[in-house]
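A.B. asks: The following block contains the structure, expressed as structure tokens.
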Amino acid sequence: MTDRSEQEGNGEPESGEQDAGKGGPGELRPEDVDRRFNELIKGLGDTGSGLVKGLDAEEHPTEVVPMTPPVVSSSSDDEPGLLELWDADLPDDDEDDYEPPEPPPVPWPSLPAVGGVLLIIGGIALLVNPGMAPLGTSPGRLVGFVGFLMGVWLLISRLRPDREPDDTDDGAVV
């Protein structure tokens, strides 16, 4: 990209040109930035990395060479691979011989756990329909609420206690 001030020959913008931009007197126009960038690139010279040639818009690539596929030697077919060498000393695995053991039976829930669940279900049933109890509506709701609370308390009381705060070793957590 060429700048008008470069075409005029002096390479420096006139004092009125810089003030004519959108910004104030301290800001550069995009043309000034491009010109200064091109000056910096020209100062770097050709380092052999190909970066400078790629940035110049006037140069064109000379020739495109297609990539050739890698040549496979015939001697590699006769030689065993690295994985084959590692497996040579190991016996062959028969995957058909393995039968997983029977899973252990599901343990029966404890009596307090069953009682807690039954109290929660009975308490909710009495809260929804207090007429099920022969006590009447208000006492039936009270019995249902107390039964629900007792079931929740029974299940929560069976939880494992928290670990002690001074014990930092978790051990084998599975």
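Every residue gets a Cβ built from N, Cα and C, even glycine.
As annotated in TrEMBL:
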COMPBIAS  28-39  compositional bias 'Basic and acidic residues'
COMPBIAS  63-75  compositional bias 'Low complexity'
COMPBIAS  76-100  compositional bias 'Acidic residues'
REGION    1-107  region 'Disordered'
TRANSMEM  108-128  transmembrane segment
TRANSMEM  140-156  transmembrane segment
A.B. asks: Please indicate, using numbers and ranges, the residues of the same chain that are 6 or more beyond the transmembrane segment (140-156) and have a C-beta under 8 Å from a C-beta there.
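C.D. replies: Sequence-distant neighbours of the transmembrane segment (140-156): 112-113, 115-128, 130-133.
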A.B. asks: By DSSP, how many residues in the compositional bias 'Basic and acidic residues' (28-39) are helix, how many strand, and how many coil?
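C.D. replies: Going by DSSP assignments, the compositional bias 'Basic and acidic residues' (28-39) contains 10 helix, 0 strand, 2 coil.
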